[in-house]
């Protein structure tokens, strides 16, 4: 009987340990959400709803920038869903980055007139196409080009 008890205990403990290892632990992060906040009531409603989320450590509401910042062990999708459940259906994750983080802030995809001061929209930087017209223009005025003087 001792061997059977040992084996059953071994396999049952191994099963529970593997379940515990599969469960992901949430990481500490800051979630920024853009949501239109009109009045004190809206601000209070959003703050109460978001602070009730399990794992939320701090909640800051900036009415001027239409921004809600949540710090803690939270899931961004869950925070967004909670803000939308308060009646703010147009809530979205913060689409802006600081002006200094973008190489070309006035590019067509990055510049946004509605962005708060000091911020531009998140966008991928445009990559140069191989064989683009820039290369052709550079070789047009090159010293190695025998027909360059005809253009000038």
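Residue numbering: from 1, along the chain as shown.
Cβ coordinates come from backbone N, Cα and C, glycine included.
Quick look at what Swiss-Prot annotates:
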- 39, 42: metal cation binding site (BINDING)
- 142-152: compositional bias 'Polar residues' (COMPBIAS)
- 28-91: domain 'HMA' (DOMAIN)
- 149: S-farnesyl cysteine (LIPID)
- 149: cysteine methyl ester (MOD_RES)
- 123-152: region 'Disordered' (REGION)
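Remark: of the binding-site residues 39, 42, the most isolated position is 39 (fewest other Cβ atoms within 10 Å of its Cβ). If you average pLDDT over the domain 'HMA' (28-91) in this model, you get 92.
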